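Features reported for this protein in TrEMBL:
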- Gly31, Lys32, Gly33, Gly34, Val35, Gly36, Lys37, Ser38: ATP binding site (BINDING)
- Cys204, Cys207: [4Fe-4S] cluster binding site (BINDING)
- 23-194: domain 'AAA+ ATPase' (DOMAIN)
Amino acid sequence: MAEAAGAPEAEAAELRARLRAVRHTVLVLSGKGGVGKSTFSALLAHGLAADETKQVALLDIDICGPSIPKMMGLEGEQVHQSGSGWSPVYVEENLGVMSVGFLLSSPDDAVIWRGPKKNGLIKQFLRDVDWGEVDYLIVDTPPGTSDEHLSIVQYLSATHIDGAVIVTTPQEVSLQDVRKEINFCRKVKLPIIGVVENMSGFVCPKCKNESQIFPPTTGGAEKMCQNLNVSLLGKVPLDPQIGKSCDRGQSFLAEAPESPATLSYRNIIQRIQEYCEQRHLQEEKIM
């Protein structure tokens, strides 16, 4: 696709220089809004940063619906500039965040921008934010396959992307759009790390019976992944505590370490880490 061709050489060199200290880059995508993509991005960042030896960066390019500042407990924070660029806002010493939400005067402000202005901000985030040495850059994208997705893939093609994680819920209405997302990734040659089925059943805390709140009428993400030859990274059950933790800006993984959802998240995070390390080893062999 012409739009996803490499950025002009000078621009590409600038992006390479800024992002050369980023070891792994993971994009988080979803076909539909409301499936828990930003929640997944936030918890993936928290989970990776639980290892204090790892530096983690979370970049929110959901420009019209930036929910990462709220979920990370950073609402009202401002971006500061230094001689080396914009400074991320830090949750922990090893977890930095950047979002358009930090540039708004109020969390209720609407961002009413056309594509070129959104693309300009994405490029500015990649070029001007001083992340320093980073082990994992997590990019939370808007739902669908729009300008922002083409831009981030185009700009990052100058550097290195490990791949994309696609978040869905079990019902066909959501899976329908995930198939489009998978086709998008294949067209722009973006590797797919795998699919996460979110809101996958609800275990009653009292009787322990499991209910399917969103019934997988066509076999859920598992059957879709088999049909399309994509990895299913795992299924995350519903837990009301996830929403409460996000609204308070706290890590659900830390607040509910024994929840079945936390155990599922930890397994998924481990699989993503293993994929990235494997990819890194393969690239070193080629070089």
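Heads up, the Cβ atoms here are built off N, Cα and C, so glycines get one too.
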Cβ-Cβ neighbours of Ser38 (ATP binding site) (radius 10 Å): 27
Rounded inter-Cα distance in Å - Ser38 (ATP binding site), Cys207 ([4Fe-4S] cluster binding site): 30
Per-region confidence, the domain 'AAA+ ATPase' (23-194) (mean pLDDT, whole number): 93
Shell of the ATP site beyond Gly31, Lys32, Gly33, Gly34, Val35, Gly36, Lys37, Ser38, same chain only (C-beta within 8 angstroms of their C-beta centre): Ser30, Pro143, Val167, Thr168, Thr169, Ser174
Neighbouring C-beta atoms (10 Å sphere around the C-beta of Gly31 (ATP binding site)): 23
Proximal but sequence-remote residues of the same chain as Gly34 (ATP binding site) (Cβ under 8 Å, at least 6 apart): Pro143
